[in-house]
Each structure stands twice: as C-alpha cells, then as structure tokens.
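Over in TrEMBL, the protein carries these features:
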{"type": "TRANSMEM", "residues": "12-35", "note": "transmembrane segment"}
{"type": "DOMAIN", "residues": "26-274", "note": "domain 'G-protein coupled receptors family 1 profile'"}
{"type": "TRANSMEM", "residues": "47-68", "note": "transmembrane segment"}
{"type": "TRANSMEM", "residues": "126-147", "note": "transmembrane segment"}
{"type": "TRANSMEM", "residues": "210-234", "note": "transmembrane segment"}
{"type": "TRANSMEM", "residues": "254-275", "note": "transmembrane segment"}
{"type": "TRANSMEM", "residues": "309-330", "note": "transmembrane segment"}
{"type": "TRANSMEM", "residues": "342-365", "note": "transmembrane segment"}
{"type": "TRANSMEM", "residues": "377-398", "note": "transmembrane segment"}
{"type": "TRANSMEM", "residues": "404-426", "note": "transmembrane segment"}
{"type": "TRANSMEM", "residues": "446-464", "note": "transmembrane segment"}
{"type": "DOMAIN", "residues": "595-859", "note": "domain 'ABC transmembrane type-1'"}
{"type": "TRANSMEM", "residues": "708-726", "note": "transmembrane segment"}
{"type": "TRANSMEM", "residues": "732-750", "note": "transmembrane segment"}
Amino acid sequence: MVNLSFIQQEMIQYGMSIYFSLGLVGNICNCIMFIQPVYRRTPSSIYFLSLSIFLIIYLFWTIVLLFYTLDHIDPHTQSSFYCKIQLYGTHVLNQCIRYIVVFACADRFFVTQTNLRIRSLNSRQVAMKLVFIICPISLVIAIHVPILMNISGNVCGRFGLYKLIYAIYQIIIISILPLILMSIFGILTIRSLNQRHVNQVRAKQRDRDFMHLTIAEVIVHVFTSIPYSIYLIYNAITYSIVIENSPRDDIEEFIFFVTQFITYLTSVVSFYVFISTSKPFRNEFINLLDKNITKSSYPYLTECFRNTILQWVPMGIFWLVLPLWIYMLIRERIKSQPIPISGLFITKMILAVQFLLIQIFRIINYTILSTEQNGQAICFTSVLYIITALTILWLMNYDRLKSIYASGLLFVFWLLVSLAIVPDIIDYSIKVQQQIGSKKLWIKSVSIWIHFILALGSFIANCFAEKYVPIETISDKMPIVPELYVNFLSRIFCTWVTPLIVRGYKAPLTENDCWQLPLSEQTVTVAHQVQNCMKGMNMQTTSMSYENISTATQIKDENRNLLNDLPMVDIKKHEKKTVFWRALFGAFIDKIISGGLIKFVHDLFQLTGPLVLKLFLNFFTDPTKPKWLGIFYAILISTMVFCQVIFLRAYFHCQFLVGLRFRSAITGLVYRKSLKLSNSSRHASTTGEIINLMSIDASHFADITTQLHMLWSAPFQILVILILLYQQMQLAIIPGVALLLIMIPINLFIQRLQKQLTSKQMTVKDERIKMMNEILNGIRVLKLYGWEPAFIRLISRIRQNELGYIRQQAVIGAISSILWTFTPILVSITTFATYVLLSDSNILTAEKAFVSLALFNLL
C-alpha cells in the first residue's frame, strides 16, 4: 500500500514551496506591470491589479500555515477560534479572487458593446467600486463558515448536515457559478466582437490585449477548478456514508488534497501564462526591464527601477529560500550543540541592527524632508528591508542554536544587497560632482553610502565562520571533517581539502591524517534511518492489509530473506521488493530533492547561455549600441559559466553524498542481516553473493545517484533546446532531430548488450569467489594430494571467461563513446546543410551558426 501521508507531506514541503516562490514572484511582477502607464489607463488593469494583490494575500494566508504544520501541531486542531477564522479568511479570499475574474470578463463584454450606456460601465470608477463591493459581500456570504465550523476528534471541519450544506455552497458559489458567469460573458464578448467593425478594433488594441489576458485567466480557472468541483459533487453524494477505520478515508483525504493542490495553480501561474501567451504583455515587460538602460552612453538605471526591482531581488531570493532553509534546520535529525556567542556573532548583529536603523532614517528622510515622486517607492522598499533585517536577526540566532557556523543564505543575501546599491552609488556620485540638486542631495548621498557600507560590512563578516566547537568525536586522533565549520567560500571552492592534499604530497597519508565523518554520514546513522523507514512502511502495510495475522504465523528473523528485514507475511512479491526501494529513497528524500533543485538551477544557467551569446553577437552587428553593453554581455557570459560550474559542483557533491549514504546503508543492512542468517538461509545465499552485495552492488547504487536526476532533466533540456533551435533554424532542424532519433534505438541496443555482459560477468565473478573460498577452506587437502595445478587451471579458466566479458564491455563502451562523440558533429552538419539548401534567403550568419552550435553541444 502506498504511503499516502508521506507523499502528501512531500508535496507540501516541495510542491507548495515551489508554488509559494513562483506565485510570489509572478504576482509581484503582475502588480508592477499593471501600475505602468500603458496599462493604468485601462479599467481592466484595476481588476488584474486587485487580483494579483488578493493572490499574494492568499499565498501567505494558506501556504505558510501548511509549512508550519509539517513539524508542529496543526493549530486548526487546537483552537476553535483559529479554525474558524483561518477557514473563513480562505473562503473570503477565494470568492474575491474568482468574482474579480468574473468582473474582468464582464468588463471585456462592456467594452465591446456599441450601446453607450453599457459601454459607460467600462470605467476605472466602476471597476474600483466593484472591487470594493465584492469584499463585504464575500464576508457576508461566507459568514456561515465561522458559525458552523467546529473541531471534532482533533479535526477542524464540517460534520452532520452542514457537510452537505457546505458541499452545495462550494459547488454553487465557489465552483459552478463563477465558471458559468465567466463563460456567459466570454460568449457574449465573442459575439459582440464579431458584430463590430474592423476600424473599431484597430482603435482599441489595448482592449484586445486585455481580452487575451482575460481569456488566459479564465482558461486557468476553468481547468484548475474542474477536479475540485468533481470532488465536491462526489462529497455531496456520499456525505452520509461513514466507514470507520477504512483505507477509503485516507484515499479520499489524499484525493481532496490533490484537488486543492491543483486549485493553488490559480494563485501561481497567472503571470507566467500572461507572459507566454500575450506578445504585447511580454514586450511591455521586457521594455520595463530594458527602459533607459541600453540607450545611454553609460549603464544608467532609472531611479524607480533602482529603488524597486533592483532592491527587491535580494529580498525576494531571501524570502524564497528562507522556508526551505528553516525546514532543513528543523528536520535535522542529529542533535546539535549551540555555538557560543563570539565577537564575530556580535559584530554581525550590530551591523544588522545598524542596517535596520538606516532604513528607518531613510523612511523619515523621504516622508518628512523630501517631496519627490519616488519617495513612496523608497519608503516601501525600506519597510521591506526593515522586515527582512528583523528576520535576519532572528535567523542568525537560530543558526547559532543549530550549529550553523557560516550561513550560505545570509552570505548570498548581503552580496546581492551590496551589488544592488552600487548603481545608486554611481548615480549620486555623478550628481554630486555635477552639483545637481540642493543640500538634500548630500543627505541622500550620505545615507546611500552608509547603506552600502553596512551591507558590505555584513557581507565581509559573513565571509568568516564562527570558531569551531567540537561536538561529536569517535577517536581523539581523528578530527572532524572541516566542511562542517568552514566559511561559505571555502565550501564553494573546496579549499578546506587543500591541507589534506598538501599533507599527502609531502608524505604518504595514514589513517590518523584522515578526517572523521560527521555523525549524520556514518554507517550506523544512515543504516538506522533506512531500517526505521522500512519498519514504518511495513507496519503501515501490514496493519492495513493483514490486521488479523496471529503471532504464531510470524517467521523468525533468522529465516528472513536477505535485505528484507521485515516480518514475512503473505503479501504480494512485488510489495516486498518495493518496501526496500521506497525506504531507501524515503530516508534521504530531502537530499535527493535538494540535488534536483540545484540541477534545475544549473540547467537554467546552461540553457540561457546560448541566448546571452545571441545578444552578444547581435551587439557587434549594431554600431549604435554603447560599448559598455558589449562589456556587460561579456561579463554576463563569464558569470553564467562560473555559476554553471558552481552549481554543477554543488549538484555532484550533493548526489555523491546521497550515493555514499546509499552505499553505507546497504552495506550496513546486508552485513547486519548476514550475521542473523541461519544455516539453511546461508546455503541459499553464498558468501560470494553477500560480498558482492556489500562491495559491488552497493557501489552501483552510489554510481546511479549522479545520473538519477537525468530522468527528468534530460527530457526538459531536450524540449527547451529543440524549441530554441526551431527559433534559430526553423524546419532545417528536422533532419538533425531525425538523426538523433535514429541514434536512440542504437544506444538502447548498446546499453542492453552492456547490461547482459555485466550480468554474465557478475555471475562468473560469483563463481570465482565461491571457488576461491572453497579452495582456501580446503587448502590442506589440496596440498596433501598435490591438486594445486588442476585447481589453478580451473580458476584460470573462470578468470579468462571473466576477462573476456570485461574485454567485450570495453569494446562496446568504445563504440558507444565514438557514437556519442560524432553524433553532435553529424547533426550540426546535417542541419546547417539543410538550412542553406532550403532557400536562397537562408544565410548562415555568425549569430545563427554559433548559437546553433552552442545548442547542439548542449543537446
């Protein structure tokens, strides 16, 4: 039986983290877009701006609580007041979000009407009134939730007849009615558009752009609401059916969670759907980022851009990573000893407090002493900095309690903050030199410099690690591995290994020269984690399927199968096998998914490299572009390559660590199990097989982990690369792609041969090891009768067979390497030749050639 609660917990931990991160960034970008002058004059911008604000509130109101419940008691089950208020707020926000989309659909209907009275409803005043009206109406409609919701059996929910009433309310008010209204206004709008004249359409291009955005938003709401609506209908039909202690309850609860998980997409994907489906919206967003940057003789950024987006990026990254960072610290299985308060810790705290105070000073300066238009943006950014600084003060102390000697999160945050202030430093320095402005300019310039110095000081302080305090040791002769307590830069560049390399260069290394593994990586710990997962999964499976099995039928531990440290009950064979696999991956799922996230970031840097190369090559073809832009592109390419290397190293480090845990856990479990085998079981598993399990097979698991994420990364990269190649070479990529498709079955055939040869080699190796053990056990008899030459020939013959399989593997591996090496070259030549021969207008420029080659190399 699949562990549904475990899957649900992992979906909350990682799925909701991604939802929260992408949703927060996307909705903030929507807010920035819809307050721009090009959109602000259109009434529909009021609806979309309000929608984005409500979605941000909705994300904080709902998802943050889910993070809290992962490692704490759910407040819903402890406080009736909290149960009522939290669900009440969720329902109110849900209604506001859905009916604002309905109002946006109605607004598109109003704007397409020829009747002046109906068209007059398409105004900013009407839009603002409707947005303000929907809030109290939603409060009234959902008032039954805090009245009738209750806690029963540690569950905050609906009980009795109210369960049916609630389902009907959800179906009508939340699901069906908004979708029907959206569909009605959509059909009426399309009908009105068909009746309009062509010259009217041209005059209202911005309205047509909003029409596309509205249609995209409606499609998102429809497709994400259908599963939840179906579940509500099912719940209303079966509300009276109650089966206690049934697996059906767990399945229904999981299905309900999945439908809710899908509905959360409405609060996440709006911006990404807009930017991918609407070309005008995408161009406006690019222009917003590019405005007044590439047209000046030096890299000038507008003051509004510097005080908003540029300052929000470090805080955005900090708040996106913070939930995962805290969760990792909470889930740490090894008890840590707090780090004593040191001078470095006090220095970091003082700098953070001073950074907070300078933000308060900037707010006072721009609210009382300044009358500039950008004062509100600066004050808002300073308020965000104050909230972030207070969080950093708490986080530094929490890291100290959790024995974090150097925080990578704070290192990256202060680095980005320091870089974000540099454009302000440059701009105000130029203004002061040109004596532009009054004495207030000097006050602003001084505050900016103090802001920069404090951020830079905090960054420098975070370049150092706290003094190491020994916590866990096995032997006084072996020090702990320095990776745990070195600074962040040393962890990135692995400089902590340098002393060991120098020591090994000067003299042969001994056991005392090596470092002791931390307790979290030792075999006793990782094997215990896997064993606990196996027992937990087995208890859940057996309790749900075989509750009435008597203890008399239990088989003793000594007769269990190898690698199956579970009670032997009459269950299906594949279920026995999958318990070990699920336990092995479940014990280290945090590290596996962390490696996947790092791999995803690396892939993004890798895939955007050819795009930046395209911009760099286009720079040389346009003499009007400033020189600094070319320098910027060159630095950007170098930075992206550097980031690729850093993230790739971090990925392999993470996956090698997972592989080491796999190997240690398997070796420990097999060794522990081999000590418990009875004589009858030992005949079923030979010594050679057991040794191979602990040495060879366990090592294969360590090798697999480095390529584990290629299962999703490879299709993702191939899809994106093919899209980019199509944009570059159009239909000319078809022969190249066809050649790649031809190579797939060839490579599969080669992999199959290698697998067969490996299996045969392992069989022969088991036979050789078994024979050697028998020879060593009977060595006296062999010497007594002089049988050494015969057994030497026997062992040599087995060894020759083994070497033959190894030789065949080497030949097939060489053929595979040749194919992998020459395939990109053949694909490139085929594609370029096809592109040139398709049409005389197809000119193979440097930009197309080099960008396509870069993409083919990635492919």
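Quick reminder: no glycine exception, Cβ is built from N, Cα and C everywhere.
Sequence-distant neighbours of the transmembrane segment (446-464) (same chain, 6+ residues past either end, Cβ-Cβ under 8 Å): 344, 347-348, 351-352, 354-355, 358, 361-362, 365, 406-407, 410-411, 414-415, 417-418, 421-422, 424-425, 428, 487-489. Residues 299, 301, 306-307, 310-311, 313-314, 317-318, 321-322, 325, 329, 339, 392, 395-396, 448-449, 451-452, 455-456, 458-459, 462-466, 468, 484-489, 491 of the same chain sit 6 or more residues outside the transmembrane segment (404-426) yet have a Cβ under 8 Å from a Cβ within it. Here the transmembrane segment (254-275) does not lie next to the transmembrane segment (309-330) in space: the count of CB pairs under 8 Å, restricted to residues six or more apart, is fewer than 3. Confidence across the domain 'G-protein coupled receptors family 1 profile' (26-274), taken as the mean pLDDT and rounded to a whole number, stands at 75.
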